[in-house]
Amino acid sequence: MLTFHRIIRKGWMFLLAFLLTALLFCPTGQPAKAAAPFNGTMMQYFEWYLPDDGTLWTKVANEANNLSSLGITALWLPPAYKGTSRSDVGYGVYDLYDLGEFNQKGAVRTKYGTKAQYLQAIQAAHAAGMQVYADVVFDHKGGADGTEWVDAVEVNPSDRNQEISGTYQIQAWTKFDFPGRGNTYSSFKWRWYHFDGVDWDESRKLSRIYKFRGIGKAWDWEVDTENGNYDYLMYADLDMDHPEVVTELKSWGKWYVNTTNIDGFRLDAVKHIKFSFFPDWLSDVRSQTGKPLFTVGEYWSYDINKLHNYIMKTNGTMSLFDAPLHNKFYTASKSGGTFDMRTLMTNTLMKDQPTLAVTFVDNHDTEPGQALQSWVDPWFKPLAYAFILTRQEGYPCVFYGDYYGIPQYNIPSLKSKIDPLLIARRDYAYGTQHDYLDHSDIIGWTREGVTEKPGSGLAALITDGPGGSKWMYVGKQHAGKVFYDLTGNRSDTVTINSDGWGEFKVNGGSVSVWVPRKTTVSTIAWSITTRPWTDEFVRWTEPRLVAWP
């Protein structure tokens with residue numbers, strides 16, 4: 001028999017269910033509200049010195065919800081296919097079709113895990129509301145299964161257009177049969193004529209840059225003009241003029257997207273690949289898969305004109321990493337407070353082509369010990385992350401090595417510094433931007449916020465020298481509001497005057513991101529609570545206004 005309390009409980013539950021159903025499904029006669037804006041934030045989810053323990057894909061799956069809750073909207077994952085060995089970071093590409101599924105190069109798994117774990121990681125990221133970008137390495141192949149005799153000529157390393165020997169035969173590592181995979185997924189076998197050159201003659205144990213001879217053999221063009229022609233980078237260089245190569249790479253692209261359900265690409269070393277290749281390849285893969293496939297290319301040059309040229313030659317089909325901006329951060333961090341902060345965006349993609357700029361502070365190539373080592377000093381990193389995460393220009397990318405640390409070099413995690421800036425981007429960095437880039441040390445900017453994102457708006461200051469203050473405009477809609485420093489670097493507050501201005505402060509060599517203190521309802525109106533030992537409803541909880549945080 002039902003007790004009185006249980007009858008009351010069931011009655012309220014029925015009423016609550018009825019009201020929720022009415023709210024969710026009954027037409028209101030009003031058009032649906034547009035979704036509130038949400039800033040995109042990418043994370044490069046690896047660094048060079050990760051241990052060879054096959055656990056990264058599992059970590060992605062385990063961390064997906066946490067990362068998404070902080071505002072990360074996309075993960076750039078490392079190359080997922082088999083490299084020259086199990087410990088290969090992924091850029092010594094052996095077999096594009098082996099995602100940790102076949103016993104090749106001494107193991108089934110890659111450095112990061114198995115194919116099944118990779119697919120589970122992607123599914124977990126999607127379930128958490130994040131996209132996944134795959135790292136694509138088409139410049140070269142390494143770890144060949146055998147050698148072939150090839151006619152070749154030596155070229156000058158500083159000017160690859162200059163031949164410095166006669167033609168002679170070399171023994172080149174260019175034979176790729178994939179014995180562990182066989183013909184699964186693809187029966188294509190790579191031979192010497194699918195490549196332009198190598199840097200090793202096995203017969204003489206000689207390291208040179210060799211350009212192959214034969215019908216149609218020459219360095220690809222157009223590529224970057226560094227060293228005369230920068231087609232050749234390492235290993236066996238793919239010949240993007242060979243129709244069989246182009247067809248096979250297009251087939252792989254379609255297979256990869258359909259197999260993994262990834263959402264986009266990070267393209268490695270695009271300055272070394274024929275400029276006309278990727279627009280054609282992307283058009284084909286996007287068409288074949290029916291997915292827009294966001295794409296960012298790595299064109300490593302601090303010369304902004306080279307980046308502009310590439311964007312023009314590729315018709316804006318992809319974004320580019322803003323290497324010039326990274327160089328600005330690096331230089332500022334090493335200048336002991338003498339860098340002119342007014343020039344932080346000068347000659348960068350962030351300024352010149354913001355919609356195609358992927359901004360970053362550091363990456364796996366700029367880490368200590370790497371070929372492009374240019375590690376931004378730790379004191380400056382919070383300033384740099386504030387710059388890319390709270391401004392309107394560019395698509396920012398957070399680096400795994402900054403977020404989690406790099407044990408190999410005893411580099412500590414900056415998670416406690418980066419998290420508040422991620423929250424600033426997630427909740428506050430919206431609306432019209434006003435710049436105050438008018439001082440050699442202290443620069444600032446504000447965002448007015450948008451009505452679709454209640455409580456949004458901010459004021460940011462960074463300085464590479466002494467601390468100080470700036471009067472900055474955040475909008476009259478914020479008049480009377482109290483702003484506090486989300487980073488916790490300052491404990492004071494700022495009250496916005498009737499004209500929408502406030503005097504915001506920053507400590508020396510530091511950053512402050514000022515946001516409006518929120519007033520919000522802390523609980524759902526008329527929520528129902530129960531004692532843990534009974535199923536009776538015992539009280540109503542009134543809504544209450546609290547200052548937050």
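The first residue you see is number 1, and the count goes up from there.
Cβ atoms here come from the backbone N, Cα and C positions, even for glycine.
Here Swiss-Prot has Gly337, Phe339, Ser440, Asp441 binding Ca(2+) 3, and the candidate from Asp362, Asp365, Asp464 in that same listed site is Asp464.
Binding of Na(+) is attributed by Swiss-Prot to Asp196, Asp231, Asp237, Leu238, and within the candidate set Asp220, Asp224 the record adds Asp220 to that site. Summary of the site annotation: Swiss-Prot records Ca(2+) 1 binding at Asp231, Asp237, His272. Screening the candidates Asp135, Asp139, Asp145, Asp352 against this entry identifies Asp139 as the one listed for that site. If you take the CA of Asp139 (Ca(2+) 1 binding site) and look 10 A around it, the recorded positions you hit from Asp268, Phe339, Asp365, Asp464 are Asp268.
According to DSSP, Asp365 (site 'Transition state stabilizer') is assigned to coil rather than to any helix or strand. Ser440 (Ca(2+) 3 binding site) sits 40 Å from Asp231 (Ca(2+) 1 binding site), taking the C-alpha atoms as the reference points.
Comparing C-alpha positions, Gly337 (Ca(2+) 3 binding site) sits nearest to Asp365 among the recorded positions Asp231, Asp268, His272, Asp365. Looking at Asp231, Asp237, Asp441, the binding-site residues in this record, the fewest other C-beta atoms within 10 angstroms of the C-beta turn up around Asp441.
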